[in-house]
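Residues or ranges marked as Na(+) binding site in Swiss-Prot: GLY79, THR82. Here Swiss-Prot flags 1-21, 40-60, 72-92, 104-124 as transmembrane segment.
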Amino acid sequence: MIVIFVGLAGVLGALMRFGLDSFFAQRGRFAHGQAHHFPLATLSVNVLGSFIIGLAGGFASHAELSPDWHSAISIGIAGGLTTFSSFAVATVSLWQLGNKFSAMVNIGLNLVLGLGAAWLGLSLAA
């Protein structure tokens with residue numbers, strides 16, 4: 001049963017990611033597939049996912065969240081939402097297009113904001 005629960009949560013995470021990608025694409029600033037633009041949608045889903053998994057981990061460490069719910073949220077929702085591969089491809093594409101500064105900023109922001117969001121989630125759940 002947990003497998004189905006995690007799978008359904010993964011669908012929710014993927015739909016959340018699609019929604020955020022669509023939000024940025026509709027504004028015309030970061031159109032899908034245009035690597036020369038800063039990948040703000042990818043940054044957003046990775047930071048949000050880091051916060052969600054931090055929050056879930058914090059609640060699970062205090063036994064306020066069952067292992068099944070922790071798996072559904074961490075593996076399903078956060079796993080379906082976040083994307084390391086898109087981050088990697090966008091960063092390499094920026095670099096190859098000569099936008100080395102943007103590529104480095106993307107790496108820095110994903111690390112700093114992602115770690116900060118995970119810390120915030122863990123702290124709020126404490």
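Any Cβ shown, glycine's included, is placed from N, Cα and C.
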Residues from the same chain, set at least six apart from the ends of the transmembrane segment (1-21), whose C-beta lies under 8 A from its own: 32, 41, 44-45, 48-49, 68, 71-73, 75-83
Residue numbers, six or more beyond the limits of the transmembrane segment (40-60), whose CB comes under 8 Å of its CB atoms: 13, 16-17, 20-21, 23-25, 29-30, 67, 69-70, 73-74, 77-79, 81-84, 86-87, 90, 106, 109-110, 113-115, 117-126
Intrachain neighbours beyond the transmembrane segment (104-124), with Cβ under 8 angstroms and 6 or more residues off its ends: 38-39, 42-43, 46-48, 50-58, 87, 90-91, 94
